[in-house]
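A.B. asks: Sharing a structure here in structure tokens format.
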Amino acid sequence: MLEKNVFFSPWSYLAFTLIYSWSFWFIAIFSNKEALQFPTVIFYLLGETGPAVVFHILLYLNKESDM
């Protein structure tokens, strides 16, 4: 019987993407600096990579669970 992989569902992707992206964006927002200053812009850019990073992590976890 095939087990359903919980890591690679649309809901887990949505949840992990929101957590990943917004955690960096909250750091940038609460740093009280301009959006284009050095430390803040790094956190904004890291938050923007959230969907791609989470997709690749879930894809890797799915591949590992198939083995």
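Note: Cβ is positioned from N, Cα and C throughout, glycine not excepted.
TrEMBL labels come from automatic prediction, so no person has curated them.
Sharing the features that TrEMBL gives for it:
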type	residues	note
TRANSMEM	12-30	transmembrane segment
TRANSMEM	42-61	transmembrane segment
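If you look at the structure here, what lies around each of the features I listed?
C.D. replies: Long-range contacts of the transmembrane segment (12-30) within the same chain: residues 6, 40-41, 43-44, 46-48, 50-51, 53-55, 57-58, each at least 6 residues beyond the stretch ends and with a Cβ under 8 Å from a Cβ of the stretch.
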A.B. asks: Six or more residues beyond either end and a Cβ under 8 Å away: which residues meet both conditions relative to the transmembrane segment (42-61)?
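C.D. replies: Contacts with the transmembrane segment (42-61): 7-8, 12-13, 16-18, 20-25, 27-28, 31, 35.
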